[in-house]
Structure formats: C-alpha cells, structure tokens
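*Asks:* Before I ask anything, here is the structure I am working with.
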Amino acid sequence: MAVTTHVTKIAEPEWPLPNRTATGGASVDPNIIFNEGHVVAIVTYSVLMVISAIGNITVLSTILRRRRKTRSRINTMLMHLAIADLIVTFLMMPLEIVWNYHVQWIFGDTWCRITAFFRIFGLFLSGFILICISVDRYLAVLKPLSLSQVDRRGKLMLASAWIASTLCSAPQIYVFHVEKHPHVANFTQCVTFHSFPSRGYEIAYNYFGMIMMYCLPLVAIIYCYAAILVEIYQRSHSIDNIRRSGLGFLGRAKSRTLKMTIIIVVVFIICWTPYYIICVWFWTDSQSARNLDQRIQKTLFMFASTNSCANPIVYGLFNIKTRSGGVQVGDGRTLRTKKSLASVASYSSGQYHFTNMSLSIQTVE
C-alpha cells in the first residue's frame, strides 16, 4: 500500500539474509542498524513537521476566524484539507522520527496496527479532499446549481472523502503486525510479511493504494482545472467581438486559472512522483532497490510527506486571502461583483448572465 513501503520495514517480502564476509562471517544488513539514512530521515521529517504545522495551522486559524463572519464552501473544504494534513503532521511525522531513531519497532503489536492505519489515513484523506476541491470548482463553473444544492453536494463530497479514506486505510490494521527478525536477536519490526497469500496479492494491494492516492487525484486535478480553463477561454472568445472593453477581469481570470492549474499539477507531481518511483522499484525488484544509497532511499520515501507542506502554500496562495468587492446577502454568503472577478475560476458558482450584449458574472460562495 502506498506509504506502507518503508525500506526496511515493509517493502521486502521476507527478512533479508545476513551478508557473508570474505572470512565466512556474517555482516549485519545495513537496513537494520542506525545509519546516515536514518539521520537524514530524522532531520528532514523534523523540518517538514515544523513547516507543515505552521502552514496548516495558519490556514486553519484563518478559515475559522473568517467562518464567524461568513461561510464559504471552498473554505470549508480547505479547512478539511488542513485537518487532513495536520493528521499527517502530528501522527505520521513524529512516528517516523521515533521509528528512524530506534530503527526497530518498540511499541508492540497493537500500536503497530493502529499507527499503520493512521499513517496512511491522513494521506488518503488529503488526496481525496484535493479531488473534492477540484470537482467542486469544475461543477461550480460548468454545471452551476442553486445554493442549497451546491451546499448539499459539498457536504456529501466531504463525507465521502472521510468514509473512503477510512475504508482504504482499514486493511492496514490486518496487514501490519510485529515480527521478530529470524537472524538478529531482539530485533522486532512492524511489517507486512506473511500477510498475503502470495507476492502477487501484495503487489496488487500496493498498486491499489497508488491508484487511489496518486493516480486518481492527479487525473481529477488535471481534468477539472483543464476543463475550467477551456470553459473560460471559450466564453471569452464567444463574446470577444461584442464588447472587449468589459473583459479585463475575464482576461485576469484566464491568466490566474492557468497559473493555478500549472502550479497545482506540478506541485502534486513533484511531491508524489519520487515516492512512487522508489515504491514501484521496491515492488518489482526489491533486491536491487536495497542497494541504493540509504540517504537517497530515505529521501525518496519522505517525499510522500511533502504534499502536506505544499498544500497550505499552494491552496492558501490562491484561496486564503482578503478579497474585496463583495456585499453580504441574506444567508450570510458573500456576493462578488466585477471588482473581485479575477478569481472566477476558483470561487465562481458558475452563474453567468449575458445582459445588454455584455458579460456580467456574479459569484456566490
């Protein structure tokens, strides 16, 4: 399963045999002793934890302050995204620091199973909420509905994200368990060894995790934001010869949406692709992958956590900012007028009105 493929703890189908030296003695496998790779992991996870905590707590506190004045669907989704990333920050990252410090698992079988669930739950939830945000923006622009329908749809998507994350993470409780190393005395590890009928089942389980955590969010993000961008271009071209003077805000929307799409896609790819490269390598040829420098191994595996640091920066940059040009409507939502329409692709409910041969866009959050 994604993020379960730790170099010494998970990736291998069985314990590695001791290496024989030239004199006939046995040398300890470098994966089960404290080495430079563990130092890199401890330092990097510590830095990532601080960055992610500051970023996500800032986003969360900003949204909570704003919710007292007005409720916004996108801010609610960003709040859930921040919570998901904080689960990764305060449950997964500290565990990785302690685990790398001790090298072996010291907390017993029960905690092995519980932490295995939560280590991956936050990552699944973060990815699924990114899908919710992308789909919500797509439907808001291309398939606008009434406010009550939109709010109900948003709540349903968020509930589905939490449920799906729980279901996808639940097998970890069964798959992970504590085993003693057969060749090294008093060395125990939280592993997936002997949990599958065959190696093929384990590979299928791992690829399922990759599809759900990496491929599915990536496809959703690319498709939804590309469709939004195409829609904005088509609408601007359809009235290009009618009234050019009133389209300055739409041009800014196009530029902003293009930048946002590129940044979101590139950041997601950068954060997750290195991790899955090393995962697939271990799944297909663990013996050769283990020969890779320990520092490089640890660095590639840690990329799975970087998305929790990037999310508050990327989504905060485009969504959590003071926006002007709005007036309050009866239900407490903010009605946006032309002054703030450069963000149409991110915030618009998709209510386009053609009047007097010119384009007027109003957005209700």
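Indices start at 1 and increase along the chain as displayed.
Here the Cβ of each residue, glycine as well, is placed from N, Cα and C on the backbone.
The feature transmembrane segment is assigned by TrEMBL to 39-64, 76-94, 114-135, 156-176, 207-233, 262-283. Feature annotation from TrEMBL assigns domain 'G-protein coupled receptors family 1 profile' to 55-315.
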*Asks:* For the transmembrane segment (156-176), name the stretch out of 39-64, 114-135, 207-233, 262-283 with the most CB-CB pairs under 8 Å.
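*Replies:* Stretch with maximum Cβ contacts: 114-135.
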*Asks:* What is the average pLDDT across the domain 'G-protein coupled receptors family 1 profile' (55-315)?
*Replies:* 87
*Asks:* Take the C-beta pairs under 8 A between the transmembrane segment (262-283) and each of 39-64, 76-94, 207-233. Which stretch has the highest count?
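*Replies:* Result: 207-233.
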